[in-house]
Amino acid sequence: MTTKRWNMNDIDKNQSYIKEAAGILQAGQTVAFPTETVYGLGADATNPQAVSKIFQAKGRPEDNPLIAHVATKEQLQRLVTSIPGYVDKLIAAFSPGPLTFILPSNGICASNVTAGLDTIGVRIPNHPVALQLLKEVDIPIAAPSANISGKPSPTTADHVFNDLEGRIAGLVDGGPTGVGLESTVIDCTQEIPVILRPGGVTKENLESVIGHVLVDPGIIDGEGKPKSPGMKYKHYAPEVPLWIFEGDSNGFQELIEKEQQSNHRVGVLCSNQFAVQLSHDNIYQLGDSMEEIASSLYDGLRYFKQQAVDVIICESFPESGIGQAIMNRLRKASDSTIT
Ligand code: TXA
Ligand code: MG
């Protein structure tokens, strides 16, 4: 199949592009589109045949449920049987935004969206293109990240195209995404909500609005069975080994040199502050702030996939705020942590 690509920079044509993309979604085909976190690969969540095209295009295991995307709280309410009071507060504070609510499903979405679970993940993305598209289609859109399963999530339209050209009907190019890491997934079926996947809205953000929030232990120690089915897969992985280095720049430099002595070509992912302290010729600088680092992390992982390196070594980051999500994704992509 030929993948049609619409460039949303073309302001005059925006409206007609959105209409065209919406028409393709309504006809049961797949369309990738930007959100504030990563690009999503969308299909009509009420149409099981359309949803199965997502799994085919990505090569995604079918026991991994998808998030339904909607434009408004009213549309969200149409997909679930009940909404606890604390979710109303979270919606008021963070939606549209990078927060996915797991709620009891009323069965309106196809059973392959929820992988047969009686709950559904729903979110209102905070991106003008996503919101326009969702308003135009007026149906819930199931959308996982628009990458081949197991690869880093896409933060640019080119990332999507590299992975899925010829496998999907359309791609709305809205430029690079902002947050760069996927939404926070929060289980709202319990009295106290549980973070199943750390993401754009941090634990601290959530607690400032509703008080105590739990974290699924499967996320923290990588042991046990994570409640979010997707969290058990090795994810976001570049094709060469990725090591996380915990220590100062002297230790980092020593490790680089040790690898080089073994004739290993080393790619380094680190903050700008760290980069100036290293002497190495193959460094991808992730940025200054933790927000910049989150936003460029997946591009960095993809960058080294195209480079002739034998190992990628990444700096370790503090696990507060967005740092939790950064380290969660890095650990899932990595083979070992070097201390
Ligand atoms: O930011 C995002 O969330 C992006 C954009 C496109 O919205 N989407 C995304 O989707 O990251 P995906 O499919 O790559 O990740 C969805 C995560 C998976 O870990 C999945 O297991 C979990 O959400 N999930 C979905 N429905 C669930 C449910 N009913 N119960 C528990 N976990 C669920
Ligand atoms: Mg994904």
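Note that Cβ sites are derived from N, Cα and C of the backbone, with glycine treated the same way.
Caution: TrEMBL annotation is automatic and unverified by curators.
Predicted, not measured: the structure shown is a model, and the values here were computed from it.
Lifted from TrEMBL, the feature list:
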- Thr37, His69, Arg123, Ala143, Ser183: L-threonine binding site (BINDING)
- Arg60, Asn64, Thr119, Ser145, Ser153, Arg197, Tyr236: ATP binding site (BINDING)
- 15-201: domain 'YrdC-like' (DOMAIN)
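Where TrEMBL records a feature, it is marked here on the structure.
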residue	record	DSSP class
Thr37	L-threonine binding site	coil
Arg60	ATP binding site	coil
His69	L-threonine binding site	strand
Thr119	ATP binding site	strand
Ala143	L-threonine binding site	coil
Ser153	ATP binding site	coil
Ser183	L-threonine binding site	coil
Arg197	ATP binding site	strand
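Other Cβ atoms within 10 Å of the Cβ of Ser145 (ATP binding site), summed over all protein chains shown, number 29. Taking the binding-site residues Arg60, Arg197 in turn, the residue surrounded by the fewest other Cβ atoms inside 10 Å of its Cβ turns out to be Arg60. Ser183 (L-threonine binding site) has Arg197 as its nearest neighbour among the binding-site residues Asn64, Ser145, Ser153, Arg197, going by CA to CA distance.
Residues Thr37, His69, Arg123, Ala143, Ser183 are the ones the record ties to L-threonine, and the longest Cα gap between any two of them is 13 Å. Among the binding-site residues listed (Thr37, Thr119, Ser183), none has a CB atom closer than 6 Å to any atom of ligand 2.
Counting other Cβ atoms within 10 Å of each Cβ, the binding-site residues Asn64, Ser183 show the lowest value at Asn64. All chains included, 31 other C-beta atoms sit within 10 angstroms of the C-beta of Thr37 (L-threonine binding site).
Only Thr37, Ala143, Ser183, of the binding-site residues Thr37, Arg60, Ala143, Ser183, place a Cβ under 6 Å from an atom of ligand 1. Those same-chain residues not listed among Thr37, His69, Arg123, Ala143, Ser183 yet with C-beta within 8 angstroms of the centroid of the L-threonine site C-beta atoms are Thr35, Gly40, Ile67, Pro98, Thr100, Pro125, Ala130, Glu182.
Each of the binding-site residues His69, Arg123 was scored by other CB atoms within 10 A of its CB, and the lowest score goes to Arg123.
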